[in-house]
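The block underneath contains the structure these notes are about, expressed in structure tokens.
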Amino acid sequence: MIMAPAGAKRNILERLDAGEIVIGDGGFVFALEKRGYVKAGPWTPEAAAEHPEAVRQLHREFLRAGSNVMQTFTFYASDDKLENRGNAQRFTGTQINEAACDLAREVANEGDAMVAGGVSQTPSYLSCKCEDEVKGIFKRQLDVFVKKNVDFMIAEYFEHVEEAEWAVQVLKTSGKPVCATLCIGPDGDLNGVSPGDCAVRLVKAGANIVGINCHFDPMTCVKTVKMMKEGVERAGLKAHYMVQPLAFHTPDCNCQGFIDLPEFPFGLEPRILTRWDMHKYAREAFNVGIRFIGGCCGFEPYHIRAVAEELATERGCLPAASEKHGNWGAGLEMHTKPWVRARARRDYWEKLKPASGRPKCPSMSTPDSWGVTKGHADLMQHKEATSQEELKPLFEKAKASH
């Protein structure tokens, strides 16, 4: 039965405290880049102000697919990132953040969804700017979220737990629930802090919900959140848990995740998870105790629909988009070709091993593994466009490493 879940007006902590499952949305940056509204490289969200119709439509598709959270399209919307490396700006950070909040609220009000204001890691931190300066960047975004009265906050996509702690401390001053997700794997953050210790530090900083987003495939992210959960429990603390992984298979990744893969970002399509892979992901996340389950880069609305369909019994509903999707391929019963009608069954899709259609391609790649992180000269950021003098040694290093 397709229906709206009960308790739509309760906040995220009330829902999670009651044991409900919260379905997140997907990867706006990658989805809008493919649609022609985001530039790969800076990955900044000017589209919220420049092309609001595109952002609004994607919100609506995720809502229809079952998302309970409309996350503001404010990824990398800090002033230092918006003006980094020659990125020309027609809109201020405040204008982008305000437009993103308005769009998320408009669509959230059309269904059972909350609005989450999001901040992410900054060029200033990578360039070793001081704590007060980095916190000031988060505070300027937070001021917009408070003005627009978002329902809760998400500090996401942090490679270093220290910067995530600073973000949580700032977001906590709003008095609203705070989530914190790191883009790390089982090896921990880029300074080697374990997932369990990272989670403890985030909870102590004030995060109500902790977890992982981006950089790794769903099962790797679920494994890492499980490690975070175990660390929090060992410390005698309490938290809720969330996961918003990639929609790409990444068995060959190192600690930097998919950005080290040679296919990043324009050749990742052969790695995309099927909708049936998403069923397995949703079930595994639920089984380890994660109750805020969504997606990041590569996730399209049909992936989120698969998550919602897998957990339909626990949630007591199906998303509206399931009107156009037969359970486990049941809609294929209506197909004209008999051999396709024969695929209208769960065991067929669960056991399928999809071919790539690329006979000369390897199944895995070798990550670049440059080992560059905060404080390295190559990560020092600036407003000026990247020069040819800066690029030349990078090109030479890349050639030498392959």
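Any Cβ shown, glycine's included, is placed from N, Cα and C.
Positions annotated as domain 'Hcy-binding' by TrEMBL: 10-311.
Annotation for Cys297 (Zn(2+) binding site): same-chain Cβ neighbours under 8 Å, separated by at least 6 residues, are Gly27, Val29, Phe30, Cys214, Leu246, Ala247, Phe248, Phe258. Summarising the annotation, TrEMBL assigns Zn(2+) binding site to Cys214, Cys296, Cys297.
Residues or ranges marked as region 'Disordered' in TrEMBL: 353-402.
Residues or ranges marked as compositional bias 'Basic and acidic residues' in TrEMBL: 375-402.
Counting only same-chain residues six or more apart in sequence, the Cβ atoms lying under 8 angstroms from the Cβ of Cys296 (Zn(2+) binding site) belong to Gly26, Gly27, Tyr157, Asn213, Cys214, Gln244, Pro245, Leu246, Ala247. The Cβ centroid of Cys214, Cys296, Cys297 marks the Zn(2+) site; residues of that chain outside this set whose Cβ lies within 8 Å of it are Gly27, Val29, Phe30, Tyr157, Cys183, Asn213, His215, Gln244, Pro245, Leu246, Gly295, Gly298, Phe299, given in sequence order. Helix, strand and coil counts under DSSP for the region 'Disordered' (353-402) come to 17 helix, 0 strand, 33 coil.
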